[in-house]
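The structure appears right after this line, and notes come after that.
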């Protein structure tokens, strides 16, 4: 519940996209419990400010389809396995949230009776309004679509104000800043600029979906101090992608 002493919110309902790789921390595989706990605390701070939080997690920390594809596993099978990996991550995050007494629901695009709830748009919105964190799992439920696209789709469906993509760098660059010291970081980009420049913000399907529906994106470094709190109160952190540079 927000009180008068708290800062004014620019974004009341957000969709946070968190990669599976980010959950590994400094490990090469799996889930780092300290990363989960840190993410849970950051989300709790937003909930206590009155922000409604939906999440989509990737699955790259538990499953890497490229290696299996090279071994002959079909793309559809690999994508389904990746969807299951996102459910595993969602279960871990829900547990971390519940350990700090923050109610959370998992809604999966693939029905898993007795494990998680099936995705239902209207119920998801009700949960958000009631102060529960909603974790959307299993992508879109269809192969050939990334979790970035799933995040944008769910954000549009639930009427989120913005999609926040947490990464390991502080925004979008013209080139890989780890390989090119001349790489330029952008403060603002339009959807068209992202597509024409071939910038690695999200896949083109996700960007086009946001462009068609006017859904803004913000790419930021999850390790930046109080990043989420600063963003929801209107501070520019990282790179903003929208219809124009005045987003």
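One is the number of the first residue shown, and numbering goes on along the chain from there.
The backbone N, Cα and C atoms fix where each Cβ goes, and this holds for glycine too.
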UMP site partner of 59, 140, 141, 142, 143, 144, 145, 146, 147 (as recorded in Swiss-Prot), chosen from 37, 42, 79: 79
Rounded Cα separation (Å) that holds between residue 167 (ATP binding site) and residue 140 (UMP binding site): 21
Residue among binding-site residues 140, 142, 146 with Cα closest to the Cα of residue 60 (ATP binding site): 146
Residue from 17, 19, 176 whose C-alpha is spatially nearest that of residue 59 (UMP binding site), among the binding-site residues: 19
